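I am attaching a structure below and will ask some questions about it afterwards.
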Amino acid sequence: MIDIKLLQKDFDYVVKALQKKGVDNALLNNLKDLALKTKQKRQEMEDVTAEQNLLSKEFGRYKKENLDISELQEKINALKTKKQELEDEVRTLEDDLNSIILSVPNMPDENVPFGVDENENVILEVIGEKPTFNFTPKEHWDLSCDWLDFERGVKLAKSRFTAIKGDGARLERALINYMLDFNRQRGFNEWYVPFMANSNTLQGTGQLPKFADDLFKIEGEDLYLIPTAEVSLTNLYNDEIIDKSELPLLLTSYTPCFRKEAGSAGRDTRGLIRQHQFDKVEMVAITSQEQSDEIFEKMVNCASDLLSSLGLCHQKVQLCSGDLGFSAAVTIDLEVWLPGQNKFREISSISNTRDFQARRAKIRYKEDKKNILAHTLNGSSLAVGRTLLAIMENYQQADGSVKIPEVLKKYL
């Protein structure tokens with residue numbers, strides 16, 4: 001959640017920042033009017049309180065000097081009534097303001113390149129070498145290794161569900177274990193978390209209320225299937241105050257993820273790229289405000305090194321302002337080379353949300369007896385299904401079989 005105090009203090013600065021993310025001007029103008037009205041009513045309430053305090057002192061003097069207090073009492077009673085009315089108005093305005101603010105995205109960092117969409121993202125570097133083949137490489141769904149059963153996945157559920165079998169299922173499990181071990185070796189503490197979350201939890205990380213249509217809700221319950229372990233890991237510290245000496249908190253977890261993929265009709269309808277259910281190993285960090293840039297770099301490097309350890313060529317991409325996610329202030333995507341598709345595709349997205357999620361989730365740390373909003377960061381390390389298909393395409397053989405990266409053999 002953006003800082004209401006900053007919004008009221010320097011609205012033009014906030015507007016300029018949010019316009020870089022393509023936020024609708026009508027929403028911003030409504031927000032401005034509501035913020036101004038709330039500020040004015042709050043000032044009226046403070047003025048009434050100040051006047052009450054003065055009259056209370058007068059009341060004490062009148063009583064002490066045995067003066068007639070009837071007229072003064074009427075004024076005090078009138079102010080009490082007015083203050084109650086103003087408190088009710090301010091409460092309603094603040095509820096309305098908070099309702100809108102919960103749907104307003106985070107402001108991008110000032111050094112994030114301006115752009116409208118993914119076409120204006122900036123490639124920072126390419127890491128590793130693309131494999132060469134003496135045959136035309138196939139896309140993963142056309143390989144004859146027979147690991148993916150799309151038809152039975154659809155039969156069991158619906159489109160965008162896949163059953164994985166045999167060596168493919170074993171490789172999926174091996175990748176999960178390898179990714180968790182890799183993250184643990186770099187200082188991340190492993191957690192096993194619920195695969196469901198309540199609405200307060202999802203509001204804390206920014207999925208609700210704005211993205212309710214992309215979530216699978218449990219009918220009759222205040223529970224949703226999680227779209228990412230970021231939700232669970234970040235909210236482990238929801239409404240908590242952490243001693244600064246404990247920071248940074250580096251967390252990792254494997255979970256299945258569930259997304260309706262609303263708005264993705266017609267996109268990536270074949271293969272494992274875009275599924276309603278997929279496995280992912282997640283990294284989350286909770287840091288002090290001065291630590292977050294260093295930890296952001298650590299997380300980007302962790303995911304990149306993981307791809308390199310698997311022998312997968314990939315590129316680092318700086319997202320422009322218009323392609324940033326709702327909660328992100330800055331994001332680096334890692335895109336893996338898929339020779340069958342002859343292009344790079346996203347496999348990890350690492351974001352620093354600054355204090356945006358922490359303000360929503362009330363995650364704070366104590367420093368010099370003061371409670372300070374933490375910074376929260378998150379990133380995939382990695383999306384398991386996309387890593388599986390990347391291995392299938394990069395390690396495919398002419399006969400349709402797939403070699404296994406050396407580092408995974410001990411996990412199989």
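Cβ coordinates come from backbone N, Cα and C, glycine included.
Keep in mind that what you see is a predicted model, and the values were worked out from it rather than measured.
According to Swiss-Prot:
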type	residues	note
BINDING	THR228, ALA229, GLU230, GLU282, SER380	L-serine binding site
BINDING	ARG259, LYS260, GLU261, GLU346, ILE347, SER348, SER349	ATP binding site
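Looking at the shown structure, what environment does each listed feature sit in?
Every protein chain considered, the tally of other Cβ atoms within 10 Å of the Cβ of SER380 (L-serine binding site) stands at 27. In the three-state DSSP classification, SER380 (L-serine binding site) falls within a strand.
In the three-state DSSP scheme, GLU261 (ATP binding site) falls into the coil class. GLU261 (ATP binding site) has a Cβ environment of 13 other Cβ atoms inside 10 Å.
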According to DSSP, does ALA229 (L-serine binding site) sit in a helix, a strand, or coil?
helix
In angstrom units, rounded to an integer, how far apart are the Cα atoms of GLU346 (ATP binding site) and SER380 (L-serine binding site)?
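Each residue's Cα considered, GLU346 (ATP binding site) and SER380 (L-serine binding site) end up 10 Å apart.
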Starting from the Cβ centroid of THR228, ALA229, GLU230, GLU282, SER380, the recorded L-serine site, name every other residue in that chain with its Cβ within 8 Å, sequence order please.
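Apart from THR228, ALA229, GLU230, GLU282, SER380, the close residues are VAL231, LEU233, SER253, THR255, CYS257, LYS280, VAL281, MET283, VAL284, ASN378, GLY379.
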Just checking a number: largest C-alpha distance across ARG259, LYS260, GLU261, GLU346, ILE347, SER348, SER349 for the ATP site, rounded to a whole Å.
19
Based on Cα distances to GLU261 (ATP binding site), point out the closest of the binding-site residues THR228, ALA229, SER380.
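Sorting the binding-site residues by distance from GLU261 (ATP binding site), the top entry is THR228.
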